[in-house]
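Chemist: Attaching a single structure in structure tokens format; questions to follow.
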Amino acid sequence: MVGHTESDVPPTMAVKIFSAGVAACVADIITFPLDTAKVRLQVGSAIQGECLISSAIRYKGVLGTIITLAKTEGPVKLYSGLPAGLQRQISFASLRIGLYDTVQEFFTTGKEASLGSKISAGLMTGGVAVFIGQPTEVVKVRLQAQSHLHGPKPRYTGTYNAYRIIATTEGLTGLWKGTTPNLTRNVIINCTELVTYDLMKEALVKNKLLADDVPCHFVSAVVAGFCTTVLSSPVDVVKTRFVNSSPGQYTSVPNCAMMMLTREGPSAFFKGFVPSFLRLGSWNIIMFVCFEQLKQELMKSRHTMDCAT
């Protein structure tokens, strides 16, 4: 991304991929309870197994959902699905974020990056990352959504148990369930998030409003998080419902969206908007700040080692 000073050592592709993966994992660990609350709110009155989640317990708002989960199922439940979440970031975020600059440079061929090249880079890296990381997304959402209260025995006892059961009962295609809505969602997220961050950071630095440092990264990340949440929320809700559904509950992604619209109205597509924004906003801040700092420190360390030898 933009903003390297002449004294900086340009980060290599390996450094970018590694930094993106580590930064995304740090952000996931800190913000995971918000993501779990978002999933529970999005699932809402969807049927899980043979029991209506809403008939067992109701969640009110982000904080209310987190408190209710902690009280009724234990604080550990807020981190249910975290191992799959971290696996997802290692296989997903490291590619979509770490390869963004490299792919963008490929499209520009030495020229100044245009909006088209930024969008193209976001589309390509996001699409590839989704396909590779989809099984981890399916397992993460299933574990976050299942409740241990007022219903049948939980479908999964842990991360690897979930992988095994899904592959056994639904086939390998079950691990890629919801790829279409997730691809749509993450193409939107990747383009909006990275392009908005890139443009905002570039504008702040070029107009000398902020230096290319933590405050600049913070502001750019907040703006990127808000824009991304607005555009991706409807697709995110449909994706969560479809991925978490029992076999045969929905015949297709459009069928899932249509049933949501007819049963719950248009507002259903924005369920969990507040936790989504809190999650994306805070996740973006932590991830981008860590990402930028890691890149700089790793390249400084490498430069120091090269000079020493």
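From the backbone N, Cα and C atoms, a Cβ is placed for every residue, glycine too.
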Chemist: Would Swiss-Prot have Asn161 and Lys206 facing the same side of the membrane, if we go by the names of the topological domains it assigns?
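Modeler: Swiss-Prot topology: Asn161, Lys206 on opposite sides of the membrane.
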Chemist: When Swiss-Prot marks a stretch as transmembrane segment, which of 119-135, 153-169 is it?
Modeler: 119-135
Chemist: C-alpha of Cys256 (cysteine sulfenic acid (-SOH)) to C-alpha of Lys60 (fatty acid 16:0 binding site): distance in Å?
Modeler: 24
Chemist: Just going by other Cβ atoms within 10 Å, which of the binding-site residues Lys60, Lys271 has the emptiest spot?
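Modeler: Counting other Cβ atoms within 10 Å of each of the binding-site residues Lys60, Lys271, the minimum falls on Lys60.
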Chemist: Do you know the mean pLDDT across the repeat 'Solcar 1' (11-106)?
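Modeler: A mean pLDDT of 82 is what the predicted model shows over the repeat 'Solcar 1' (11-106).
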Chemist: Could you put numbers on the helix, strand and coil content of the repeat 'Solcar 1' (11-106), residue by residue per DSSP?
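Modeler: Per-class counts: 77 helix, 4 strand, 15 coil.
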Chemist: Relative to the Cβ position of Cys256 (cysteine sulfenic acid (-SOH)), how many further Cβ atoms are located within 10 Å?
Modeler: 23
